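Notes follow once the structure below has been shown.
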There are 2 protein chains.
Amino acid sequence: MSSTDPDDRPTQDLLGRTDSEQIIQALDSGKNKRARKLLRRMHPAKIAAMLEMLEAEQRLALWQQIDAAQEERILPHLNRRLSGQLLGDSADAQPARPETEQEEEKSELNHLEAIRQALSLKKLKRVGKILHRMHPAKVAGLLEALPPEERLSVWSMVETERAGKVLTYLHDEIRIALALELDLEELIASAEHLELDDRVDLIQTLPAALGAKLLYASSAGQRAQLESMLSYPEDSAGGLMNADAIQVRADVRVSTVLRYLRLLEKLPPQTDMLMVVDRKGHYQGALHLSALVTADLGRAVAELMDRNIVGIAASASDSEVDRLFKELDLLSAPVVDEHNRVIGRITLDDVADLMREDTERTLMQMAGLDDEADIFAPVMVSSRRRAVWLGINLITAFSAAWVIGLFQATLEQLVALAVLMPIVASMGGIAGSQTLTLVIRGLALGQVQKGNLRILLNRELGVSILNGVLWALVIALLAVAWFDHWGLGAVLGSAILINLLCAALAGWGIPLLLERMGIDPALAGSVILTTVTDIVGFFAFLGLASILLL
Amino acid sequence: MSSTDPDDRPTQDLLGRTDSEQIIQALDSGKNKRARKLLRRMHPAKIAAMLEMLEAEQRLALWQQIDAAQEERILPHLNRRLSGQLLGDSADAQPARPETEQEEEKSELNHLEAIRQALSLKKLKRVGKILHRMHPAKVAGLLEALPPEERLSVWSMVETERAGKVLTYLHDEIRIALALELDLEELIASAEHLELDDRVDLIQTLPAALGAKLLYASSAGQRAQLESMLSYPEDSAGGLMNADAIQVRADVRVSTVLRYLRLLEKLPPQTDMLMVVDRKGHYQGALHLSALVTADLGRAVAELMDRNIVGIAASASDSEVDRLFKELDLLSAPVVDEHNRVIGRITLDDVADLMREDTERTLMQMAGLDDEADIFAPVMVSSRRRAVWLGINLITAFSAAWVIGLFQATLEQLVALAVLMPIVASMGGIAGSQTLTLVIRGLALGQVQKGNLRILLNRELGVSILNGVLWALVIALLAVAWFDHWGLGAVLGSAILINLLCAALAGWGIPLLLERMGIDPALAGSVILTTVTDIVGFFAFLGLASILLL
């Protein structure tokens, strides 16, 4: 109990405010973490006095921030009516029904709903209890699923020791927002519980000034490691690595290695291999722990080490790292500097996360969305972002309208053209986006390369001819049946065929062109494609109609 | 050299054909692996006689299948002119320029181009040499990047021992096609080199009859393990696991464990933990190798084991497995049966692959494509698949046309409506697909849940009102400037606003509805959305115009 003993000396902050004033201010501004910290330093009797003096609403808010352990010591200082009332409130913190933990764990739905209910009743203690039982990754998921205001309330109830870990699981936008919500002191305290690679991640996403403060708050030894890790781009091997690789010399025996490891007492998490180096620290090979534990004690490390595992250059790109992990079925791998000296290691979980984010980004970008954005961002913020995308699309839409505008005279004479023209554009768009998606993914997976571009184009043109002929016939016949006009059917069918051919060509060429220009094909590809298929579609249909039908 | 010594007894196949006949037939049908195998059994003099008797083209094809070691023994049996000619051809198998391996490794482009060039010159030996230096994963990538005919030639040059591994890296469609290309005997031989989980994967993708043959060709012990692994669905923990977990008892000491492991001599690849069980084989916890190597020899396993690592039920879904790996930062994890007995383990690389495939599938399905399909599939096959998607889209297109058809009279009176109407549909489609993508991804990541659906809808409606008002104004003004018709601008603006609101509602509701109906929202979502935005857009625009402008 000594650790929670109150520190009796009253503290003052820089502004000379008393503890009570600071606590009330922290509560008013939603800084619950700060309030809890201040409360833990106060004498129970003093807290009791505060509780008595506050208005009912503020009193409840204060009570919600008091630890269960502290509650017991405060209650004797309160009159019976008040203590009964507050205790009644605490009792409620335990759910009425005796739910088993497992039952609650079953679905996240329950967590989200339970927390939102507790929030609406201002039962922050209950929120804290639910959070305490959840894994940081789940807390992160929950925070992302909450609208911003409720998110801040819940965030303020996350324990400081776990806050850092929660931050690492969040998408960038929310991560920054919640990190900025913490006092610098809290942020530093929460980062202390993180592994170095997670801390690097955090520093990299924070605004530069804040990141620097976090960096300088680290111990001198850690700071050097962090600085070396920060010197590499986020998506390089150096940026992915953790500077905690254990190194052993190639010329020692198994028994010596085992003795050394026992001295260390604990290896970094996710260690499945040691890095073997020569006298000068140059990387030689990897010693799998599974080889170490099965080898005779007298054998030398050099005989046991796996030379197939090459050191990854710190400057290697994330996709190279991914390829190496995939090809060698690695769980972790050494990272070396330009002199082939071991400077860290990469574990598969970080690579897997990164590559998953890549595919996710493609998916979101194809709809003009930012994959790191908060889906509950303020309406104004989201609107501004999406307005850009709609504005770009408007150019496409007006180009199409302009093409139609060229044929107003034609449309006036044969209004059926107006009825049927969206079909041409739509079929072209769909067919084109199939080719486009195929090529974008093929480029990402390496299935599409310089050596087979021509073949792919021929195939796509072949497919579009077959499908063009098929659907041109079907659509033409439907149009003839509808408008009883053979010429119209013929024009419609021809336009469909032309547009499907152009769609294949565009779906194939646009991503290649964009990639050569250094633009991500997933981002701009579909807008450009639609522009092409709309313009070609309307032009072919209305143009042919003007020539042949009037 | 004894292993390559020819077996002098001539063999006959079931049809009674001689070696020579079989070889020529294998060559003619592109079964180069089979030809090589038969050749290895033949006497050099006999091969020399075959070479002399064949036509120039067949002779070259035969020569391409002969090992370097065998060449030397065949040459003395040939006349000088012929041997000089064939040797000249062999010399060519080494690239003229002294390229370093590293240089070649740099880019896959070179491999693809080098191989296609060698193929066009019929230099199969060169192909074999290039393949031999490549990692199976890269060979797989190369095979996928080749058109079907060339793919078969290259595939026939992959060594049998590596063929199984290559198969595991291929997408389903190509994997099946290439596996069927092998003789049963070859297929069995190539599968023997695979780890059990890879073999299970292979059996699961092959046609049932062939898979069963592969299963029964395994040794009795392996068959039992394979059968237990096959009894779980592919995307469950049981389907992901490998039945090679090492088990130790909780009540033994570290020294005993180490002695036991040294007796095993070798642990399965990617072993980073041992599974701790009680006397009855019930799972107790995990013993990390890193804990084992740092612990005092006298300590008991029970003190060292990590109880946080829970056994994953074999029936758990792949997304549950993924969540567990993510939450506990695992590299591997135990799998238990319904009695909590350890039956295997899962390694992170397999989980990562699976989850990556999931995102990839979403991406492809949104364009109506199959992510396991061969992008170089025969044009007829691809056309048929894509025709279905175009046909579905045609229903959308004709519904839109039908709506326009209702307003033919209106269009005849004011043809500017026909010019502007695609803008309404297009803006609605783009805005709707943003909401749709957001919800589909949110559902997949758990950001969107029952507890926050309403909030999300409100936000999306808010965003669409803001953007609707903004773009309605802009577009209306542009239309007024173009057609000098204030009423037209007002109608256009109103229609845009209405359609953007409906788009948000549809983009939010369609994926939720599809999910409740058990349909993958990524597959059908965008088609249904476009149908809604087209119909609403045209109806609002032309309907308002009929009422207000005529």
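Placed from the backbone N, Cα and C atoms, the Cβ positions cover glycine too.
Owing to the predicted nature of the structure, the values given are computational and were not obtained by experimental measurement.
If you take every residue in the domain 'CBS' (A:305-361) and average the pLDDT, you get 87. According to TrEMBL, the feature domain 'CBS' maps to A:305-361.
Summarising the annotation, TrEMBL assigns region 'Disordered' to A:1-20 (among others).
Here TrEMBL flags A:87-107 (among others) as region 'Disordered'.
Look at TrEMBL and you will find A:387-408 (among others) tagged as transmembrane segment.
Residues or ranges marked as transmembrane segment in TrEMBL: A:414-440 (among others). Away from its own ends, the transmembrane segment (A:414-440) comes close to residues 362, 366, 400, 404, 407, 448, 456, 460, 464, 467, 471, 475, 479, 483, 485, 488, 492, 495-496, 499-500, 502-504, 506-508, 510-512, 521-522, 525-526, 529-530, 532-534, 536-538, 540-542, 545, 549-550 of its chain (Cβ-Cβ under 8 Å, at least six residues beyond either end).
Positions annotated as transmembrane segment by TrEMBL: A:461-483 (among others).
The transmembrane segment annotation in TrEMBL covers A:489-514 (among others).
Taken from TrEMBL, the feature transmembrane segment applies to A:526-549 (among others).
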Taking DSSP helix as H, G and I and strand as E and B, the domain 'CBS' (A:305-361) has 25 helix, 16 strand, 16 coil
Near the transmembrane segment (A:489-514) in space but 6 or more residues beyond its ends, with Cβ under 8 Å, are 420, 423-425, 427-429, 431-436, 438-440, 443, 453, 456-457, 460-461, 463-465, 467-469, 471-473, 475-477, 479-480, 520-521, 524-525, 528-529, 532-533, 536-537, 540-541, 544-545, 548-549
